[in-house]
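Since the structure comes first, as structure tokens, the remarks are kept for the end.
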Number of protein chains: 2
Amino acid sequence: MTKPLILVSNDDGITSRGIRVLVNVMKKLGEVVVVAPDSPQSGMGHAITIGNTLRLDEEEIFEDVEAYKSSGTPADCVKLAKHYVFNDRKPDLIVSGINHGSNTSISVLYSGTMSAAIEGAIEGYPSIGFSLCDYSAKADFSHVEEYVYKIAKQVLEHGMPKGVALNVNFPPKRNEPLKGIKLCRQARAKWQEEFDERFDPNGRKYFWMAGNFVNFDKGEDNDEWAIANNYASVVPCQFDMTAYHAITQMNEEWDLDVE
Amino acid sequence: MTKPLILVSNDDGITSRGIRVLVNVMKKLGEVVVVAPDSPQSGMGHAITIGNTLRLDEEEIFEDVEAYKSSGTPADCVKLAKHYVFNDRKPDLIVSGINHGSNTSISVLYSGTMSAAIEGAIEGYPSIGFSLCDYSAKADFSHVEEYVYKIAKQVLEHGMPKGVALNVNFPPKRNEPLKGIKLCRQARAKWQEEFDERFDPNGRKYFWMAGNFVNFDKGEDNDEWAIANNYASVVPCQFDMTAYHAITQMNEEWDLDVE
């Protein structure tokens, strides 16, 4: 029996600790190939590189693993893997992460980690983005390894519902062990930005974006609740963004006749 | 009666022809403020600027319109407008575009134009992204102005379903007039990339991403069909990406118990 072919990518860059943990877990499940950004790409959303050139260079960085670093975004990495690195081979699984920081709730839209997974889903491959809700570069990943293994193994066994990628988030390491895995919906929350206004040495104004995460969601079936209550959250995400319920409402109420 | 306050942004940059057309139409509907990128940002998806500084400078570029250019992405521009430019005022409408090029189907995920509109929806403001399916910098926008006006006016009158932004695409100018407006779902299609491999003057390899759009969708209720048949397409898009149907299926079939 051939081992499953697993593509690993991320958005923190190929030298981050999170991708190293992910590579080590995936090696227990199959043959691993890494294509990841050569530098951090956090907050890149589903950006792709058009109008600019891309670099892709093989790199010996993980033991016994074929690995490439690219100048591109996470979505670029998946495209490069599919159309260039793999050539005629097809991955059985695409995993992205483990991100240093939360991608719960609305952060899925800003997340480079999830854009790699969603790009995988668009191509029709079972795909998962993993994130640890701890922004520290020295974050402890020891409590999530068996969860990453379990979820990836379930995906390899069951496949993925069509048009769906998984957004998996883990609580930071606390004093008690994780309580388990919860299938969740995306919480209704947002970032409340503040702009820190400063002046450069030439007296010209510039800004730093800062802000706080605000959770409006009172439910107990969403990813924010799961993380707060020490569960791993799994949200199935779809790339069809159509608000079907709105079509009916607008067809009834709106006047869209142009004379 | 106070005039509606309308924020205009885009992803082709503040000097593009498309944003000029949009500003002129919006001036008929209310007071216009522009906050747009200082350079083209196509393909930026929902990227935001973290870990880097942002510039925002007032620019006299449109007649009788307060306008700012920013070094940030389209999503950054909406955040800067809300938290810095508007201060205590709240926009009645956020419009983005008119993009030089299609944002139908899966392109909504890669689109800077739509990320500005979706950012607006996350903040709770009625928001619309407009795109013309013509990539030419000299594209003819004359056939879409009354449609832009009509759709924006309907949004000002009816408001927007909660959690929804509109993705509006127009066919390129053809010999016959547009047939009307169709409310659509997002077509199932994807980009089939090819990587053009080249070598720089130092002999180091690099790539250009190229590719073709492939439409798998046989329906007549989607945005690709509308554009091909000379209708303006309007897709209501939501930022809740949860695949609710998949939760049920996975809860039934998967084993997510970790010992």
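Cβ coordinates come from backbone N, Cα and C, glycine included.
Now, the feature entries from TrEMBL:
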BINDING   B:ASP11, B:ASP12, B:SER42, B:ASN99  divalent metal cation binding site
DOMAIN    B:6-193  domain 'Survival protein SurE-like phosphatase/nucleotidase'
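By a Cβ separation below 8 angstroms, chain A lies close to these of the binding-site residues B:ASP12, B:SER42, B:ASN99: B:SER42.
Annotation note: B:ASN99 (divalent metal cation binding site) sits in a strand segment as assigned by DSSP. Figure note: comparing Cβ neighbours within 10 Å for the binding-site residues B:SER42, B:ASN99, the maximum is reached by B:ASN99. The divalent metal cation site is set by B:ASP11, B:ASP12, B:SER42, B:ASN99; from the centre of their CB atoms, other residues of the chain with a CB within 8 Å are B:ASN10, B:GLY13, B:SER16, B:GLY18, B:PRO40, B:GLN41, B:PRO74, B:GLY97, B:HIS100, B:GLY101, B:SER111, B:GLY112, B:THR113. Mean predicted confidence for the domain 'Survival protein SurE-like phosphatase/nucleotidase' (B:6-193): the pLDDT average there is 94.
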